[in-house]
Amino acid sequence: MTAKDIIFDSDARAKLKVGVDKLANAVKVTLGPAGRNVLIDKKFGAPTSTKDGVTVAKEIELADAVENMGAQMVREVASKTSDVAGDGTTTATVLAQAIYREGLKNVAAGARPIDLKRGIDRAVKEVVLELRNISRSISGKKEIAQVGTISANNDPEIGELIAEAMDKVGKDGVITVEEAKGMDTELKVVEGMQFDRGYLSPYFVTNPENMEAELEDPLILIHDKKISNMKELLPILEKSAQSGRPLLIISEDIEGEALATLVVNRLRGTLKVCAVKAPGFGDRRKAMLEDIAILTGGTVISEEKGYKLENATLTYLGQAGRITVDKDNTTVVEGKGKPEEIKARINEIKGQIEKSTSDYDTEKLQERLAKLSGGVAVLNIGASTEVEMKEKKARVEDALHATRAAVQEGIVVGGGVALIRAIKGLDNAVADNEDQKTGIEIIRRALEEPLRQIVANTGTTDGAVVLEKVKNGEGDFGFNARTEQYENLVEAGVVDPTKVTRSALENAASVASILLTTEAAITDIKEEKSDMPAMPPGGMGGMGGMY
């Protein structure tokens, strides 16, 4: 076992802080409309230029092990916020740094870390409640475009495209982002369906860069039971292999010998195949398999209906124009089902929605309806160079996530102002002792930090002056860093999804609290390599092998 180095107390916290600051300082320069770009070196190809906080955070690895632990903890804040809300990664990083910095001062002055944590937790709870109170729902195309524009670093073209896509396929419809062949960015709507099941083995991947299995003009086998025996699957596999078309297998599960055989044949190139689990559970799974079968013109091979897998022929298989499978989702585009059958199925689901008495059932039926009728909107992103293409595509993906978050939980005023307005929620936070009260005050101070940083990135205005003026204002009044004017930010289109702001604060407080209550850091001791090369065996030349 490798020997360990252990550092305690203030030494550990100070080193962790160095790591936190290194990562946060690199990330926070990207915040706001006046945020700068960060250039990231790549081992192969051109460097990447980005203004996306989580992309910067993911690239940072520090030489010192303890400092690196601090950096990785804050990286987790950015990563988790991106996963949950799709945006707000830089805000989350700025908040985490501020909470840890303020907390550390108080721990050094003798405050109990665990009480500080309790105070921080209570404060965050009240601020989140206040954010929900000041949140407003969005529905119109214009409001959706505003959110998309802000999240795409003030690119109105992207905001308009996302609003248009949501208008075409509905708020629950599927929107994917792809690289265009030319320089123009455009929206294309393709009929299709997506369900939340990914490939059963990464060996099915055909595009290693995106870790996706892409099947062009595939056949689709739909089975409602587990497949573990290769014998029952073999006849239909041989028939599909003879057709020369790729095959997607959707079943309850594929395991053991059957999965191993599929993987081996896929790697040898004898079969173009991918396997996924069936979506849903119980009766809902049966209904969703039937939806897929109707959309693709196939048949669910089910023993309940008298169909056996070993007797299946090509007529049982569904067909589609293209299928994309990643680790989490399967998207079926251009299903070859009969339009009249698809329409009848849609009407059947609409009838079930009207009769449903359960909110949960209604929600799930509406999801199925969206998958069958909404189709897939494809945003084809064009750019002059590959570097610009990657940067723009990342911004579009962020903006899309943020816009969905806005539709789910509503919007609040942007530009760091919502957190300033939510400070009044701290009046309701109850502290049992002085240290908990200090924890609440730490959050009060940290909530100002995103606005300070947005102003600092403009490079022309004094943050303290702006902060005071915004605090004295009310409602949507704030500082527009793009125009450097004080105005009604919502009317100016400066808004943030409530979910993004909430997730940023919750994740930042969670990680900063863990760092504050850390008393020891354990790392591997690096073995120092000797500069002297080992002496070759066999003695010295010309000495007859003698030493």
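Quick reminder: no glycine exception, Cβ is built from N, Cα and C everywhere.
ATP binding, as stated in Swiss-Prot, involves THR30, LEU31, GLY32, PRO33, LYS51, ASP87, GLY88, THR89, THR90, THR91, GLY415; the candidate among ASP155, ASP167, ASP359, ASP496 given for that site is ASP496.
Most Cβ neighbours within 10 Å among the binding-site residues THR30, THR90: this distinction goes to THR90. Of all the binding-site residues listed (GLY32, GLY88, GLY415), GLY88 sits in the most crowded Cβ setting, with the most other Cβ atoms within 10 Å.
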